[in-house]
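Residues annotated as active site, charge relay system in Swiss-Prot: H67, D115, S209. Residues or ranges marked as disulfide bond by Swiss-Prot on the basis of sequence analysis: C52-C68, C149-C215, C180-C196, C205-C230. According to Swiss-Prot, the domain 'Peptidase S1' annotation covers 27-254. Residues or ranges marked as region 'Self-inhibitor loop' in Swiss-Prot (evidence: similarity to another entry): 224-228. The signal peptide annotation in Swiss-Prot covers 1-21.
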Amino acid sequence: MADRSGHLAALILLGAAVCVAQPRGRILGGQEAKSHERPYMASVQVNGKHVCGGFLVSEQWVLSAAHCLEDVAEGKLQVLLGAHSLSQPEPSKRLYDVLRAVPHPDSQPDTIDHDLLLLKLSEKAELGPAVQPLAWQREDHEVPAGTLCDVAGWGVVSHTGRRPDRLQHLLLPVLDRTTCNLRTYHDGTITERMMCAESNRRDSCKGDSGGPLVCGGVAEGVVTSGSRVCGNRKKPGIYTRLASYVAWIDGVMADSAAA
């Protein structure tokens, strides 16, 4: 049964059965992004409905969050590239089928660890000013605390469930892991494979899962889809550190190319 408290639910008909795909996460306290200024952004969709964010890392691969597959069931998984508005016609927009969906082998439904997903598009994306891959961090280093990083998405933008049609974004300062692991914050659960950003009324959340945390023009992290209270300063946003997964990402894409 669809949740009527304000969170968007996309009903997916599977024969006689009805499943619910909910958009994972939201941008709280942000603003509309400049049109097509983030040409790497992807909308991961099930039966034409946005459920997660993602970003283009090569002509044929999109990186997202493993938990996003929980919303797929037997629905049709696709990726929308070149979009600013989800509903309005735009010359750069194109919807791609997914040839392969590869979650990290150690990802689990009950944990945010290893929350990564690689999606191979059915064909190479048509690159242009509004569609471009994003560089991602390959060197194992820590982003200094206080660094302002950009996060964007199409998730709902308020606790009342209002959902934007156009891409939203905000800047968030990175929070050091020691502070993020304090008992009053995430109580030791943040590993070296994760990073945190402050979340005082400005936050990414489950609905923007899979989108990139971009610092200095490079994707340093991916929005996780773990359940938590969004916009609560005592529960900072958690992101999967890409530098910890270079071998896995390269390996998946190389194996697929060789197949």
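In case you wondered, yes, glycine gets a Cβ from its N, Cα and C as well.
Here the features listed in Swiss-Prot are placed on the structure.
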{"residue": "C52", "record": "disulfide bond", "DSSP class": "strand"}
{"residue": "H67", "record": "active site, charge relay system", "DSSP class": "helix"}
{"residue": "D115", "record": "active site, charge relay system", "DSSP class": "coil"}
{"residue": "C149", "record": "disulfide bond", "DSSP class": "strand"}
{"residue": "C180", "record": "disulfide bond", "DSSP class": "helix"}
{"residue": "C196", "record": "disulfide bond", "DSSP class": "strand"}
{"residue": "S209", "record": "active site, charge relay system", "DSSP class": "coil"}
{"residue": "C215", "record": "disulfide bond", "DSSP class": "strand"}
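On its own chain, C215 (disulfide bond) has V143, T147, L148, C149, D150, V174 as residues at least 6 apart in sequence with a Cβ closer than 8 Å to its own Cβ. Between the C-alpha atoms of C52 (disulfide bond) and D115 (active site, charge relay system), the distance comes to 13 Å. Taking the Cα atom of each, S209 (active site, charge relay system) and C180 (disulfide bond) are about 19 angstrom apart.
Within the model, the domain 'Peptidase S1' (27-254) carries an average pLDDT of 90. In this structure, the C-alpha atom of C196 (disulfide bond) lies 14 angstrom from that of D115 (active site, charge relay system). For the pair D115 (active site, charge relay system) and H67 (active site, charge relay system), the Cα-Cα distance reads 7 Å. In this structure, the C-alpha atom of C68 (disulfide bond) lies 24 angstrom from that of C180 (disulfide bond).
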